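Colleague: As annotated in TrEMBL:
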type: DOMAIN; residues: C:14-240; note: domain 'Cytochrome b/b6 N-terminal region profile'
type: TRANSMEM; residues: C:47-66; note: transmembrane segment
type: TRANSMEM; residues: C:110-131; note: transmembrane segment
type: TRANSMEM; residues: C:143-163; note: transmembrane segment
type: TRANSMEM; residues: C:209-233; note: transmembrane segment
type: TRANSMEM; residues: C:265-286; note: transmembrane segment
type: TRANSMEM; residues: C:324-357; note: transmembrane segment
type: TRANSMEM; residues: C:378-403; note: transmembrane segment
type: TRANSMEM; residues: C:409-429; note: transmembrane segment
type: REGION; residues: C:528-548; note: region 'Disordered'
type: COMPBIAS; residues: C:528-538; note: compositional bias 'Basic and acidic residues'
type: COMPBIAS; residues: C:539-548; note: compositional bias 'Basic residues'
Amino acid sequence: MDWFVPSDLRVEIKMESQLNQKPMRRRPWALGVVIFLGLILSGGGYAAATQTYQAEFGSPEQISEGRKLFLANCASCHGTNGEGAIGGPSVIGVGAASVDFQVGTGRMPGQASGPQLYKKPVQFTEEQILAMAAYVASLAPGPAIPAEEFLRTDGDVTHGGELFRINCAMCHNAVGAGGALTEGKFAPGLQGVSEKHIYEAMVTGPQNMPVFSDANLTPEDKKDIISYLKYVEDFESVGGYELGSIGPVAEGLFTWIFGIGFIIAITVWLGAKAN
Amino acid sequence: MSDLEKYTAGSATNIVRPIADPGLEPHRERMTDKSEHHARNAERQVSAMFIISMIGAVIAVWGFFAFPIVEGDLSATRNNTFWMGIGMALSLLGIGFGAVHWAKTLMPDNEVSEERHTARSTDEARAQAIEIVKLADGESGFSRRKLIRRTLYGALAFFPIPAVVIFGDLGPVVGDTLKRTMWAPGTRLTRDPTGIPIKASEVTIGSVFHVIPEGLSELEEHKLEEKAKAAVLLVRVNPGDLKEDPAKASWSYDGIVAYSKICTHVGCPVALYEQHTHHLLCPCHQSTFDLADHCKVIFGPAARPLPQLPITVDDEGYLVAQSDFLEPVGPSFWDMRK
Amino acid sequence: MSSTTEPKTALGKAANYIDERLTVGTVLKNFGRKVFPDHWSFMLGEVAMYSFVILIISGTFLTFFFQPSMAHTYYDGSYAPLKGAEMTVAYASSLDISFDIRGGLLMRQIHHWAALVFMAAAGLHMLRVFFTGAFRKPRELNWVVGFLLFILGMAAGFTGYSLPDDLLSGNGLRIIDGMIKGVPVIGPAISSGLFGGEFPGTEVIARLYSLHIMIIPALIIALLAFHLMMVIVHKHTHYPGPGRSDANVVGYPLMPVYVAKAGGFFFLVFGVIAAISATFTINPIWNYGPYDPSPVSAGTQPDWYIGWLDGALRLAPGHLDIAIFGYVIPMGVMLPIIVSLVFLALVAAYPFIEAWVTGDKREHHVLDRPRNAPTRTAIGAAGVVFYAILWAAASTDLIAIFFQMSLNHVLVAMQILLILGPVMAYWITKRTCLALQRKDREIVLHGRETGRVVRLPHGEYIEVHEPVDKYELWKLVDFKDYEPIMPRPNKDGKITIGTKIRAVLSRIYFEDRIAPVSKAEYEIAHADHSPAIEEQPKRKPKALKSKR
């Protein structure tokens, strides 16, 4: 990997590759170790990536590598210069964050045409994704891949919860279980989505999601929201198994199938004659 | 059956059954009836369940004391909910299974038959009842003394009226509060919940802001009542995408539009905004509004478009309301147009 | 009878003391051996009653800690993501019950699960009564009482659902407010009266609390007492079978068998609910946050028993609002209200409708097997489907997600199914019932198919049929059969409209019918057959029974 890559990106790469190997939830100490290693390796401070808009990043080699990948995998829909074509919108100005989100969650390259892109296994390595991100970022300024400091989960969960309920819960459900939109579109569940991808989704507004720019929700606000989401994701319900956190419909079905089911089984036993 | 045959059978047909009612099936002996060994076993099983029940009760009590609430540690709550619940369940199920097993295996299972009687009183009883009513009527003069009877009816009709009227103060008389909101000319649009005003330049295309009127957060009273009417969704779309009615063209500012968030169907917050289709969906009953076309209803049970809040920009570049909504927000009601 | 013996034991003395004051001896004498028929489907009403007892027990615990106040406060309990959040005292105390009181969450979960089971059991009990014709004379009034209990159960459930004042229940109240406001003329005034002014106000939780813990339970207890009293007066119905008639009741005596079974069953129902409550979260109010009119969560649904009303709201077509002299009647609200009220009215009135159509004024204590009343069963199935579609429509959004369909398509499909579904259900059910009746006739006339194929001396292959024993046979032939009524002129020689309607309904009910096998038919069928085709049963009757 090229050493021009900002330090925080290196950290991300490590975290992502670790995530790919082990789909288990990351432990806090592991995160600490990774951050520490990342800082030592890069030996530098935080670069310009803390700014939301970034003209470009990455070395010229990386950009040209990204361009090759783009031409081979993306240009048929997004145009040879990213200007958009039949089947795909322009990517000029969408920013590195958008590429990292769309490709990093496997939504891009898109597969079947449908109301909405689904998450799929990721098609590219981290280096390739970053190269494409660098290329797209070089076309025009756009939202950058977020800085590590806003991806920590030690924010104000109460504030994050309030913001989440007001800005996000109507589509994603109060604890991020997901919800339906019109004509087959949907807001996906947020459990298991990495902090970075949640952040990138907020700043880029993938597909039909609106944009929550830093002028709307500050990076601190976003960090609080992510902290809240990670809190509820890790929260082991005090009342027992949660039935998917989708609310009263699951509870009603459970009552009819298991509650009433058990009780009717008992009535049948009770009414049957003994041998 | 003679009792039953007093009544008409309606259109029921009369069919002679192929055989006569054979009577109850003969009783079949259970294992526990046949062998004392099985009966003894059943007895042991029943008491075993009662013993399990006692153990369950002990577990429930243990669960209560073993997991005192510790501030900030929710595992205590989780544990005492689980253990007390499991203990209680064992204790209850032990008694229940024990008792039913006892009844099924050791108590007699011979079916017995009991005679029924019609619900109707006997003719004799009826005659006596009528006699009593007549006697009471005669003694009181209820039929004879018309004046008393009629004034009594009047009194009985009047006396509950105060009981209805007294509830008149359950709520204030509805004025035109349903038709007004906090929005007034020059009221700044601020972020929900922080109350920080919003500059037009901060609203980028595709952004959505959840908005409350300036000053709402500081209200001492009726904060939620005002918020329930004044909540607004602020969106910037590409001005070319807007299909604006010329009369309302001045209500938006450079592609920035503000609409009431309160569904015109039954009042849920409509806030599911789709950036590219410009559709607004209500999560409660799926009414869909086209934000680019003055929030016209394009699907679902709502009938009215979401009311638009006319906005503009003040000297400092902050978004402000031009006026209140020009029609009532939220669910339709009887005299909303008056 | 000799003179009363003087009690010697302590128990005897106590019994004597009570009896000399309360006449319990006579009560026990009269009721101690009352007969109760035993069948699993007769336990459903008991499940509802026991759930109600559980609701009272757990609810009482909750009242000791819950504070029905909408005063503002800041949360300072154990759940981190709400610490410092502004909320009402009602919500804060609900959170405290959940997190900071030992057993509090367990009791909340028991209360809520028991409520869902209560309504489910009550609904199933109603279906059992409907499909077996147990609502017929003399029990029509008890059907109405049961119906009122079901409505009161919905009211109890909804008022309770609203009390924690979380985001989910607050949006539920908001929907109710929107519906009330839509009622012509009086809507806005009723809304103001309920909320003490504008929605959400500061009064509604306390008011719903009074309704939830006092008025509605008191009404339920009163009607439940009436319901049970009538069961004692009428005695329980029983299924058709040998030795069972409209003039008797066959079952087990109250003491000891029924006391042990029914008493034990209370503990079983409570135990199942306790086990579920210990292991499955219900209504995690901490997830939803405090009520605020601006946010809403995806998947905002009511508890299941209110679901059908929410579904009706979703399926209502828009654009149908009526304006009269500038006054507005919002049909997106009124249509669901009218449709659900009509549906409920039909349910409540059904016993009277059927009694009018058949003209049968006799008492009925032997139940109908559902197949033996094909039209009633078909009407019931149509009603169930109608209700089920409305109910499913309350989860259109979740159906769309889980089956990856378009929300809009799901909704439109539900609208179509709401009309078509009941018609199809009616037709299919009626035909199925008639087919089953034909099969019963076949069994009575020709016996049961054994699967054994034999070759007759002249080369013909034939399956051996085994005649059923007399007990089984009686069960198959003992049912009532009705003919369509012809419209006949009255004394004045006129055919009234009422008579015509009745004739039409009667024809719908009984035009297609399969009569029970008569003695003549039975004898003809049995005279016809050679002994080779019908053999005496080789197995015991019991074995035959279990084979079914």
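Note: Cβ is positioned from N, Cα and C throughout, glycine not excepted.
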Colleague: Using a Cβ distance cut-off of under 8 Å, indicate which of C:110-131, C:209-233, C:324-357, C:409-429 has the most pairs with the transmembrane segment (C:143-163).
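Modeller: When the Cβ pairs under 8 Å are tallied, C:209-233 comes out ahead.
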Colleague: As a test: from C:47-66, C:324-357, C:378-403, C:409-429, pick the stretch that has the greatest number of Cβ pairs under 8 Å with the transmembrane segment (C:110-131).
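Modeller: The stretch with the most contacts is C:47-66.
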Colleague: Given the cut-off of 8 Å on Cβ pairs that are 6 or more apart in sequence, determine whether the transmembrane segment (C:265-286) and the transmembrane segment (C:47-66) share at least 3 such pairs.
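Modeller: These two segments touch.
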Colleague: Averaging the per-residue pLDDT over the domain 'Cytochrome b/b6 N-terminal region profile' (C:14-240), what integer do you get?
Modeller: 95
